[in-house]
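So that you can see what the record holds, here are the features copied from Swiss-Prot:
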DOMAIN    1-229  domain 'Radical SAM core'
BINDING   ARG8, ARG60, THR91, LYS155, ARG257, MET258, ARG259  GTP binding site
BINDING   CYS15, CYS19, CYS22  [4Fe-4S] cluster 1 binding site
BINDING   TYR21, GLY64, SER115, MET189  S-adenosyl-L-methionine binding site
BINDING   CYS252, CYS255, CYS269  [4Fe-4S] cluster 2 binding site
Amino acid sequence: MNTVDYLRISLIDRCNFRCQYCMPEGAEIDYILKQDLLTDNELLSLLKEVFIPVGFTRFRLTGGEPLLRPNVIGLIEAIASFPETKDLSMTTNGFLLSKMAKDLYKAGLRRINISLDTLDSDTFNLIIGNKNRSHWQLVWNGIQAAYEVGFDPLKINVVIIPGVNDHEVLDLAALTINRNWHIRFIEFMPIGNDKLFDNKGWISSEELRQIIRKKWGLTESFVPGNGPADIFQIPGAKGTLGFISQMSECFCDRCNRMRLSADGWLRPCLLNEIGQIDLKSSLRNGISVEELRQQVEYLLGLKPEINFKQRESGTTGIYSRTMSQIGG
């Protein structure tokens, strides 16, 4: 089992998109009330006094859409300023990125992942649940802005959904040929979207690799990061292709992370809901940070068993939260 030193932090559960695989249409989303979110001070206190002392040094800010969080720049500055912080990154839908890229970089953010599942504006609107003016160009502009500012590596997350965007695999992969971008194909997961998943199913990473390999060939490669992606490269390309295969290829033995939701629940495994700790309520009820630290240490010890023994029940069970509420 890997050393667990990577914490994914959901700053907010709200998002200005409603992507099919994250916040499915028709699903009732009970948004967290403002007073139930971890405050800036609570989050920073947990990081400084609980997570860093037990070995967490790498942090990723997620959502919902993290750029909707008030004072997100200030939070980034504070987390980046911790001497123990080795890596600070973010996953965003890119909608606000063209306006904020420079400030994010200046605050100390150095790596960024941007979600873009299609190069077609109509398909984009379908995926994000948008019935008004297309936002595709704004996201594309955000990607360009992040690249120009200097985020490196710049990664683009792609979820392939059968019958929706699976015809674009080669076009998306081709973005890496002349650009130092890193496209990551993520297998579609049944978390909070059972109806869509049952209707559409999913495409394995190996199937995607075969499509790309037939066109250009593929060689193994490497790109810095904390994730479980298997990295490949089109021969001669500037960028790389990553494949995250949580459905088809168990990588529990490589898991190095936990997830902290916007309302303070610490989740040891994405694939099931066993072992979660409500850190926010404990903190507000006067439980000392020393005791919380002990609880997190204990959960770290249980994580291998949770990962492996509960994997099957997790991928077939009922989830009480959508991906947006978990933090991805």
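Heads up, the Cβ atoms here are built off N, Cα and C, so glycines get one too.
Taking the features listed in Swiss-Prot, we show where each one sits on the structure.
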residue : record                               : DSSP class
ARG8    : GTP binding site                     : strand
CYS19   : [4Fe-4S] cluster 1 binding site      : coil
ARG60   : GTP binding site                     : strand
LYS155  : GTP binding site                     : strand
MET189  : S-adenosyl-L-methionine binding site : coil
CYS252  : [4Fe-4S] cluster 2 binding site      : helix
MET258  : GTP binding site                     : strand
CYS269  : [4Fe-4S] cluster 2 binding site      : coil
Averaging the per-residue pLDDT over the domain 'Radical SAM core' (1-229), what integer do you get? 91
Let's check the environment of CYS269 ([4Fe-4S] cluster 2 binding site): how many other CB atoms sit within 10 Å of its CB? 21
How many Å separate the Cα atoms of TYR21 (S-adenosyl-L-methionine binding site) and ARG8 (GTP binding site)? 19
MET189 (S-adenosyl-L-methionine binding site), Cβ-centred 10 Å count of other Cβ atoms over all protein chains shown, is 20
Inter-residue Cα distance where the pair is CYS19 ([4Fe-4S] cluster 1 binding site) and ARG60 (GTP binding site), in Å: 20
Chain-internal residues near LYS155 (GTP binding site), provided their CB is under 8 angstroms and they sit 6+ positions away: ARG111, ILE112, ASN113, ILE114, TRP181, HIS182, ILE183, ARG184, VAL223, GLY225, GLY242
Whole-number Å value for how far CYS269 ([4Fe-4S] cluster 2 binding site) lies from ARG259 (GTP binding site) (Cα to Cα): 8
Cβ neighbour count (10 Å, all chains) around ARG8 (GTP binding site) is 22
Between the Cα atoms of MET189 (S-adenosyl-L-methionine binding site) and CYS255 ([4Fe-4S] cluster 2 binding site), what distance do you get, rounded to the nearest Å? 17
The number of other Cβ atoms within 10 Å of the Cβ of SER115 (S-adenosyl-L-methionine binding site), counted over all protein chains shown, is 24
Quick check for the class: what is the C-alpha distance, in angstrom and rounded, between CYS15 ([4Fe-4S] cluster 1 binding site) and GLY64 (S-adenosyl-L-methionine binding site)? 5
